[in-house]
Each structure stands twice: as structure tokens, then as C-alpha cells.
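Notes follow the structure.
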Amino acid sequence: MSSARTPLPTLNERDTEQPTLGHLDSKPSSKSNMIRGRNSATSADEQPHIGNYRLLKTIGKGNFAKVKLARHILTGKEVAVKIIDKTQLNSSSLQKLFREVRIMKVLNHPNIVKLFEVIETEKTLYLVMEYASGGEVFDYLVAHGRMKEKEARAKFRQIVSAVQYCHQKFIVHRDLKAENLLLDADMNIKIADFGFSNEFTFGNKLDTFCGSPPYAAPELFQGKKYDGPEVDVWSLGVILYTLVSGSLPFDGQNLKELRERVLRGKYRIPFYMSTDCENLLKKFLILNPSKRGTLEQIMKDRWMNVGHEDDELKPYVEPLPDYKDPRRTELMVSMGYTREEIQDSLVGQRYNEVMATYLLLGYKSSELEGDTITLKPRPSADLTNSSAPSPSHKVQRSVSANPKQRRFSDQAAGPAIPTSNSYSKKTQSNNAENKRPEEDRESGRKASSTAKVPASPLPGLERKKTTPTPSTNSVLSTSTNRSRNSPLLERASLGQASIQNGKDSLTMPGSRASTASASAAVSAARPRQHQKSMSASVHPNKASGLPPTESNCEVPRPSTAPQRVPVASPSAHNISSSGGAPDRTNFPRGVSSRSTFHAGQLRQVRDQQNLPYGVTPASPSGHSQGRRGASGSIFSKFTSKFVRRNLSFRFARRNLNEPESKDRVETLRPHVVGSGGNDKEKEEFREAKPRSLRFTWSMKTTSSMEPNEMMREIRKVLDANSCQSELHEKYMLLCMHGTPGHEDFVQWEMEVCKLPRLSLNGVRFKRISGTSMAFKNIASKIANELKL
């Protein structure tokens, strides 16, 4: 795919020239009147469309963009659609957005989120991408704790393979962190968010300080110029440490403190970390960037290939693209496409509806998905029911073998931007029936520890997933589950020594550690105090803060990382409220310490106030970074140090599970079932059963009670705590507490679910919006008062 392309120009990051549509394609894009997303208000049963995609729900939201889960109408494949409001971005941010799209177009690796289609109008940009249903690695670690080294190795091999592939193409990511590592349905890694990526040339230094501070290389804090790959290598070292230990190697209560620790390069080695893993970390976390290992060298490391002696990790070789797959071509011809436009779109890399359909026809969203393609007919009769008629030149396609029902104008108009068309209720119903239940996909996951990076015969297609790694999502016994799910290791205490377990290792890059070899298979049930820690002194009199910043401040930029539906995610957290004080975690999210930022963004106000970089004055924005509800074991860290806030210098992403007609904050009606629908729908509602899915649960929120009795108890407790709620599904409530616009306002879901393989039901909590402190306070109170 790359052989047909000219090298990507390195964008001058200070250049503010207004970009043009030519950034996205060599041919002019169609204008906004070519695309009409239907308003959901046109019919109670209709869902909005963008081109050939039915928009299902919002799964992420920011200041200037939304991410929606969508289904490709012709193939039935799920995709993530990033909808970006270009009118809200300045010229510099637009340039970075277009650069991100250009870079995504040339990347074709099984562990990198695949771009399928780009739809552009005068005011909006739609990026249709691979949907990673497993969520973020960050959330997985919060829910399940650290990974065993065997599992971490499988994931890390995929990560290194993908990043090394980028470096092969002279592309540096510059924002590698656990939040930008997604998991697909088979628990394989998908690297996302190339918003800060750029092309590099050795000798032509980059000088932009961007990324997440805990993952940032020391030379970035020092304001030094860099080639590119070495900053990714440092970030990979932080990621490896995070996977294996469940905590960050460098942390602090504010940016100044974090900077000092990174520049010292000291980090603790947990007692359970193997010597091989420790030695590998020393190749990543080296203060001198010129002495840092290359990824080609890292691939040959002993730890990387344990259990893979016959399959040593090697640089990924991108296969030649297969643009003449007869099976897909014939299917598309039967839809009404012509062979000429199929070849033109593929060879020209148009990333239009034709190319997207071809890619999706060969794309497997899961190892469990068979080769059978279920195509959805688009009969002409449906046009009579259309509330948003298509342009006159657009003729509906059919799965009939007759290719005459096909428009021809887009061959002359360049890359086609699909129009939005209304479809009959029957067609929508058929599409809904084709959707594979999440629980089926979850329960059918394979368990294997190998992580081979296969050759892909086509960009983004038949991308055989690496053999899935073991999933720890299965419900364990009570004792095992509690200890294994105890989230992340204790943060190194400031100004005081921590209790050690016989041996302490303070590792400095290049120095010899005194850590003895330890088995990677240490029982997760071992007491938490048996952890190595370091005492880090703070020097408040030292120079603080970031390196010299650019003159042009950056505005928030859109992230193209596709988000997943949080409901069925393996990382949807339950509130653990049993027993004494909850455990603490190193992994608060939504705080500035975890925010990706650019050099132009200033933090002097917070530093002058000596506030922790996770605790700042509350933002009045309605787009706060509401995330998944977290288990009680992660709450006291927020209580003691961090408060979630909207400090992301990109989009403050917010996961929502709400109807399309809802936006921001709305008043919820207490206990009202949707009044629309016919008798059949009401009957189906009455007969609905709780979903069976994996989620983090505690003994306090599980019960052998009937689901309906549990719902009555939940409503009773909600009413007693002055919470408003709305019945979204039979066993799911949308809840609200506090005053909209105030810090105490929070929205969350409560759902009664069946625990797989157990004769128990559990209550799943998931935060939608509001600060983690507000959510923790009300959710813990409700969980404690439930009599289940």
C-alpha cells in the first residue's frame, strides 16, 4: 500500500496556514449536500444514518467531536465513526487533524486501528474506523489489576510490533499510553489516536513537547529536540512497567514533582518482577536517548521471546495489497458497484464508500466470526418511505445480480461520499437481528497465550487476529476475585519510607539493581503490603514545570481513537463496598497527569497555587470526562489525591449510553418506561431477562434474589437518597443525583446482570458523567444501603 504513495510531508507544527480539502484526497471531496444524516425525530423507530452507516449510539463525546458506534448497512459490520466539527477548530488544529488522517491512511498493521472511510463536508469530518469493543488497556488494568508476565508479554509483543512498524515508515506516535491501547473482541491490541503523530527524518529534529506527562521522555521535560523514535521507546518502557506492575514508574502529586522523578530516572522494581523483565526495562528507561535501545534490538530480547523461542519477534512485513479478491469483487458487483470503480477506489486509495465496502467485506471483527458474509439488501421499494430522499443521480443498490441499478456520476466526481437514505422498518429490523449478542461474543472468546503478528493479505482485511491472549474476565471464586481484582499497586509515598518485604530495589537507568530473580507467577492473593516501594524526596526549590513552549498555543484537538460501548465492556466496573477501607490505586484517569497535551498549553495557574496536577478548580463544562464506574477499591486514591476534571487538552472524552436525542444534562423522569411502541414491543419488554456478561463485581452487590426484586430494592434505595432515575431497559436504570452544573452532579447507570456460570445476579454501576468523587460518594452510599 505504501509503495504507491509519495512520502508524507513533515508538517511544520507552527504553520497555521488554512488547510484545504486536498489534505484528505487528491480529488475534490463532495460537498455537504451530498450527505444527510437523518434526524432521529423523523420516526420513533428510525435511527440516523451517515452515508452507508446506521448510527447506533454515542460512545464518546468531546468539545468538538463525538464518537458513535455504527453499523455498515451493506455488510452488517460494526464500526466507530468519529464526527468532528471542523468549524470549532483553528487552522493549526485542522492541520494536525488532516495530518492524522493522512498518516492513518498509510498504516496497515493488525495491531493498529484501521481507517475504512473518510467523509468530509464543509463543516464536518467523519472518520469511519475499526471498532475495538474490548475497551482500553487502562480500564482493563483498573478492573483486573496487573497482568501476569505471560499475559503482559503477549500484549507487549503486539505493541512493539505495531510501533516498530510505524518507525519503519518513519512515523512517530508521540502519545503512547495505556489509554491509547485498545482491545478488540479477541483481546488483541489496537493502537489508536495518531493525533500527535508525525513523520520524522533522522537529523531533522522535532521539538514539540506533546503527550502524557507520566509517559513522556526526560528530553521532552528538558525542552531538547529529538529525532522521534526514542521518545516512543521511553513511553513503551513505561507501558511495559505498567502492564506488569499495575502502576506507573514515575509519578508525583504535581507536574513539578513528576518532572523531577523522570529526570532522576529512578523507579522501584516490584518483588514479583522477573530479572529478565527488569533487564528489559533498563533498555527502555535510559535517561540518555542516544543509549536507549532500538525496537529492532528490543525484539531480540530474551524476555520478549520467552515461550516463543521458535517464533522470535521480527519486524512486521506488510503484505502486498490484494485488490482483486474475486469473492469480494463479485459480492460488490451484485450490490451494483462496477469493477472499474472498485479498482479505481482501491488502487487510488480513495477511502470512499467503495473502498470501505471492499475492506469491510473481508474484515473479521472477531476470531469467532465465520467467513459467511450476510449482506443486507437495499430494495428500491424502500425509497418510497424515505424521509430524506437521495440526490436524483443516486440509484439504490440491490444484492441482485443486475448491475444496472447503479449510479455512474461518482466516477467523474472523484471519491464518492455516500448519501443518507431512509430505510423501511423491516430492513432495520433485519439489521438488528444480524447483530451478534455481546454476551455470545464474550463467552466464546478463546484462551491462548501466544501473540503472533500475522501477515495480512490485504490492508485491513482478513487481518487474522493474533491468537487471543488469556482473558482474566472470567468470574473467579470470591477470595481469588477480590485479590486478583485489587487494582493497582500503592503509589510511592512522598517524604516517608514505605514498608518493604525484605528486599528493596531502587533502580537507576544504567545502574545495577539489587533485585533477586523472582517468579512471574507469584500468587495474586499475596498481601498488598508485600510490595516494594521507594521513598522519593521532593525539592520544591528546584525549577519547575515544562520546557520552553511554542509561541502558538494549541487548542484541543480531536482524538480519532474509536471508543467502545461501555455497557458490555470487560472493564465496566462494579462498586465494591464490602468491608473496611477501600484499596488505593495509582491509576486515576481524567486528571491532568494523564492528559495528553501540547507544548503551547499553559499550567502556570495550577503550579502557582501549588495544587496537585490532578486537583484543580472544577470545570463548569458539561463535557467532563465521565468514564466507567470504578470499583470501590480505586476510590480512596481519588479521595486522597485526585479529583477527576475536564483537563484533557484534547477532547474530554465522555462515554455515554444514552439515546441519540439526549445531549449533555437532562432531567430524568422517575421510573418511567418508554411510552412508545406497540403491544408486541411491550410484551417483549415484560419478558426480557437480565443480560449475562462479565463485569467487576463484589459480594455486596451480588444476590440470589430475583432480578425484579433487586430492581425494586434499587429503586427504593435511590428514592431514599433523592436520586432521580429513568428505566432505560427493563433491568437498566439511568440515574442522576445532585444539581446540574455543580460539582456534586453525577449521572450513572445501574443494571441488574446475571453473572456467567453462577446462579447469582449482580448490580453493575457505570458512571456516565460527573467527577469521580461525586460518583464515589453516592455510589458507595447506595451500594452499602442495598439489602440484596
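Positions of Cβ are set from backbone N, Cα and C atoms, glycine also.
Owing to the predicted nature of the structure, the values given are computational and were not obtained by experimental measurement.
Packing around ASP175 (active site, proton acceptor) is summarised by its Cβ count: 27 other Cβ atoms lie within 10 angstroms of its Cβ, all protein chains included. Annotation source Swiss-Prot lists active site, proton acceptor at ASP175, citing similarity to another entry.
Residues annotated as compositional bias 'Basic and acidic residues' in Swiss-Prot: 433-445.
Annotated compositional bias 'Low complexity' per Swiss-Prot: 511-525, in sequence order.
Here Swiss-Prot flags 53-304 as domain 'Protein kinase'.
As annotated by Swiss-Prot, domain 'KA1' applies to 739-788, with the evidence given as sequence analysis.
According to Swiss-Prot, the phosphoserine annotation covers SER92 (among others). DSSP assigns SER92 (phosphoserine) to a helix in the three-state reduction.
For SER93 (among others), the entry in Swiss-Prot reads phosphoserine.
Annotation comment: Swiss-Prot describes THR208 (among others) as phosphothreonine, evidence class experimental evidence. Cβ neighbours within 10 Å of THR208 (phosphothreonine), excluding its own Cβ and spanning all shown chains: 19.
A simple way to gauge crowding: the CB of SER212 (phosphoserine) has 22 other CB atoms within 10 angstroms, across all the protein chains here. Residues annotated as phosphoserine in Swiss-Prot: SER212 (among others).
Under the DSSP three-state reduction, SER274 (phosphoserine) is assigned to coil, being neither helix nor strand. The phosphoserine annotation in Swiss-Prot covers SER274 (among others).
Annotation source Swiss-Prot lists phosphoserine at SER409 (among others).
Taken from Swiss-Prot, the feature phosphoserine applies to SER456 (among others), supported by a large-scale study or a structure entry.
The phosphothreonine annotation in Swiss-Prot covers THR467 (among others) and rests on a large-scale study or a structure entry.
According to Swiss-Prot, the feature phosphoserine maps to SER486 (among others).
Annotation source Swiss-Prot lists phosphoserine at SER571 (among others), citing a large-scale study or a structure entry.
The phosphoserine annotation in Swiss-Prot covers SER592 (among others).
Closest to SER274 (phosphoserine) by Cα-Cα distance, out of the modified residues SER93, THR208, SER212, is SER212. Within the set of modified residues (SER92, SER93, SER274), the lowest number of other Cβ atoms found within 10 Å of a Cβ is recorded at SER274.
Counting only the Cα atoms, the space from ASP175 (active site, proton acceptor) to SER212 (phosphoserine) is about 7 angstrom.
Cα of SER92 (phosphoserine) to Cα of THR208 (phosphothreonine): a distance of 14 Å.
The two recorded residues, SER212 (phosphoserine) and SER93 (phosphoserine), show a Cα separation of 18 Å. Per-residue pLDDT, averaged along the domain 'Protein kinase' (53-304), amounts to 94 for this model. Taken residue by residue, the domain 'KA1' (739-788) breaks down under DSSP into 14 helix, 18 strand, 18 coil.
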